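Visitor: Below is a structure I'd like to ask you about.
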């Protein structure tokens, strides 16, 4: 008996917590074991109870009565050793609070051990049978998912536009955009509360969806988590972003009502959250963002440009030395050199000694502001006076580093050099060319820059520039005003010649480019008979050669005063006044009606006799009689153009404009013949003219700007 007692198991009772809210006291709790007792069924060795424990011999069978709630369903109880699996020993329910359990303790163990009393709910029975049907779970999940998607869509549509963007649309948008902006502008006042309400609704819907999917998946966490994440990502995030991103402005005004409803439903929570969000969004943030964009910190193109400059070196964009405009240090700054500098269009010019690679100085165009070409100042004098520093860079320097050097104001032009260690001897610096700030900017914008001094037809560009809508202006040919050695020697300086040509072509209508071309006019002004001087005799102020024009005396010439003073006497009253440089007289002497002047200068099909000057044009019948007197008061330098010279200039201009055809071969002007023609006609006119050989003046002084 003692061995049997020693081998008997001790039955302890234990309360098992069931899965579906047993401890929390849900509405439909599972079965719980509150107590038990042995039932006497009359069988031998039915066991006994001692010290609150039921004892029996191995392989004995006895009957237990269980007490507790929940035994009326299909639950069943069992007794098993610790760590053992479930046993198929079903209890017989005897009511809502009682059940009978027949037990048989097997004799596998040779030592006493304890057994556990537990209750199990079968799959498909008990609380599982009380779960919602699948269609209800599906509808609930769809509703929660729609709520999450709606909250996210309202957030992306009604609250997507910032106040600054709404104001821009209201002021400069289309009619539909302005109407939508006017409806959205008041809603931005409670944007913080609306954002808090929508975030709360979206969070609640997503959390409830996860719990519902957990119940639907049989309380398995992994399928519930994966399913909830996938549905929220696709339906709750991607779809609202796609729809709101395309129709933001159309959906935003229509979604205001739903946004207000969300705020009302969650007002106790949305109001403090909205205040917190508005406090976090500092008013100065917009201004700081604008300043950041203005500085280029938020501009993606800034980083792109820097990346391009880091990948390129100076050697890739430099101008080769043989293509650079440079000056020798021994050059004399006469009119020809200054004209070539102006013609080049450069503001910084390198100066070299002996060979072009030996750059020793830099000449700025502004250094020549006070240089007179007639002084023939040596270039070395100017460069030594200003002594501009030279800026050297190596050929492998990155363009971003060169740009920083230029930005610091050192120079806008750098000399590119490299270390030449080829061959025998010591290494030396070899000059490759020049690089300017313009070259770096062209690399950034990926296009060629043509300034006002450049002509696309004369410039070798690296890239094709944008098409020019307006035609390029003709370059000024300053070299035309330089008198070459083989031309006639004239007493007028190149600067004064340039000023005279500009003044006549732009201020005096009879010498305008529509009548006389600029080249023909320049050729005319260089003629010795046109450039004249009058020496003033102090001892005889009323000398005959002092009178340029006399009242009622016929003349056939035009006069422009270049230097000196004259006295003009007008009318019978004898009104007198003085005039100086760049006053002109005798315009009417050139415009006396004639066959040549009556025909348009630009005509391409003139009549032959219209182009032939009448030999009698210098007679009194076509002479001009001024009603004023012009007398020299000092030494004069003047331009005197006779009518025959003017007619020859008209013929030369027409010959240039006429097409080359057999009918117009007699109108072609042979180079150099114009000067001879002017001289011959002037000599002929001098023999037959009754005017004074002195100097002439304008028909009516009232037409003279000086008068």
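Every residue gets a Cβ built from N, Cα and C, even glycine.
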Visitor: Looking at 261-281, 282-302, 303-323, 324-344, which stretch does Swiss-Prot describe as transmembrane segment?
Guide: 261-281
Visitor: According to DSSP, how is the domain 'CBS 2' (386-452) divided among helix, strand and coil residues?
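Guide: The domain 'CBS 2' (386-452) comes out at 19 helix, 21 strand, 27 coil.
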Visitor: Treating G and I as helix alongside H, and B as strand alongside E, what does DSSP give for the domain 'CBS 1' (318-379) in helix, strand and coil?
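Guide: Taking the domain 'CBS 1' (318-379) as a whole: 21 helix, 24 strand, 17 coil.
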Visitor: Average pLDDT across the domain 'CBS 2' (386-452)?
Guide: 85
